[in-house]
Amino acid sequence: MSPQTETKASVGFKAGVKEYKLTYYTPEYEVKDTDILAAFRVTPQPGVPPEEAGAAVAAESSTGTWTTVWTDGLTSLDRYKGRCYDIEPVPGEEDQYICYVAYPLDLFEEGSVTNMFTSIVGNVFGFKALRALRLEDLRVPTAYIKTFQGPPHGIQVERDKLNKYGRPLLGCTIKPKLGLSAKNYGRAVYECLRGGLDFTKDDENVNSQPFMRWRDRFLFCAEAIFKSQAETGEIKGHYLNATAGTCEEMIKRAMCARELGVPIVMHDYLTGGFTANTSLAHYCRDNGLLLHIHRAMHAVIDRQKNHGMHFRVLAKALRMSGGDHIHAGTVVGKLEGERDITLGFVDLLRDDVIEKDRSRGIYFTQDWVSMPGVLPVASGGIHVWHMPALTEIFGDDSVLQFGGGTLGHPWGNAPGAVANRVALEACVQARNEGRDLAREGNEIIREASKWSPELAAACEVWKAIKFEFDAVDKLDKPAS
């Protein structure tokens, strides 16, 4: 060790344990445009002050450890440490706080969602001084955004590829999700597409099982796509799930899809992992494939209000990692999703600049600097009676996906697809004529059903189906 290094390392070093807040709680800090900002919902253990809890989060997710180490003297901690710069109590909750942490950009590898999450939500979530910890939102600086490719194509390029404008796209998940042979699966795809849907979909756990190997499924689905395209004159697609046990196998499946000439593949991005997802997104852009993203496993991470990570963070991460569609809840169906919260992260997926809006759960203004947008997919327990609400809530730039709401039609798959297409066209026309979908939705569907026996049959089957459960994850009540 040189004398110069020895002197620097030894000056001011005192072994032992010191409070995190002495180093990592800096309320005077002015955040920089290049900082990654995080909003954490922190529930400290009894007796732990909020300043110490917030500082502990900043420390353990950046440069800190449980004790003072002499190697701190070999670098500039002030340059690299995370800082808890603001703390606010959560209204209506005892001993719970929103702690804001700023991270210098040098802590993160360029173009790596994996590295970003490893730092920010790594070991800190198991920290004993905290009863619970949840990452509510991130502000990703434009300097870091620019190191990512983002979605393979984005909303406008997808519409141009499909030649479909002025309405939401329609999809359907093939059911039963497991157990069909490849040929019967392809037949179900064909019936749905010829009936008027734009897409059909592999379910998230359809990979390559003994009853249906992936290559057989790809071949029969490609045949269904081309046959339905020839009959309808519309471009069709099926989300071929390329998720696999290894990245190499995943890319091999995507290559097969490209060689078959189909327009879109699919990935389970949380179970598959961000490294695999980013690799697939790059392949899709280079080879002209659209990429549909399923969020299987998200509720393990995001459903509990006090611990984990909010889906808006996972949605931002997906836009950076890459995907052209992602499942985003329905508000009206069988899966979790409160309206204001859902619309908040739907805008984060689609828009270029999203302003801070705590009434929708958005903690920071986010500028995507022209990164392509992602189409939100509404899927799960929806049927024709939901069509007006879905059209009003999600607007044109969305995919409305009816699985049971297509395949459960009493006359079969194709009539089920016809019913959904007629309902959608009726809602879009009514909206364009200035009618109020929220108020007149049922009347609009009834009027359309007079001219479509398929829609009339669907209306009769699902007239009493509702999912009246309260959302678990709700916005905080404002302080009175």
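Glycine residues also receive a Cβ, built from the backbone N, Cα and C atoms like all the rest.
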Need a hand: Swiss-Prot gives ASN123, THR173, LYS177, HIS327, SER379 for substrate, which of ARG213, ARG295, ARG303 is also on that list?
ARG295
What subset of the recorded positions LYS175, ASP203, GLU204 lies within 10 angstroms of HIS294 (active site, proton acceptor) at the C-alpha level?
ASP203, GLU204
Among LYS175, LYS201, HIS294 [recorded positions], residue with fewest other Cβ within 10 Å:
LYS175
GLU204 (Mg(2+) binding site) CB neighbourhood, other CB atoms within 10 A
20
Roughly how many Å separate the Cα of LYS175 (active site, proton acceptor) from that of LYS201 (N6-carboxylysine), to the nearest whole number?
10
May I have the list of same-chain residues other than LYS201, ASP203, GLU204 whose Cβ is within 8 Å of the Cβ centroid of the recorded Mg(2+) site, in sequence order?
THR173, ILE174, LYS177, ASP202, ASN205, VAL206, TYR239, ASN241, MET266, HIS294
Over all shown protein chains, what is the count of other CB atoms within 10 A of the CB belonging to ASP203 (Mg(2+) binding site)?
19
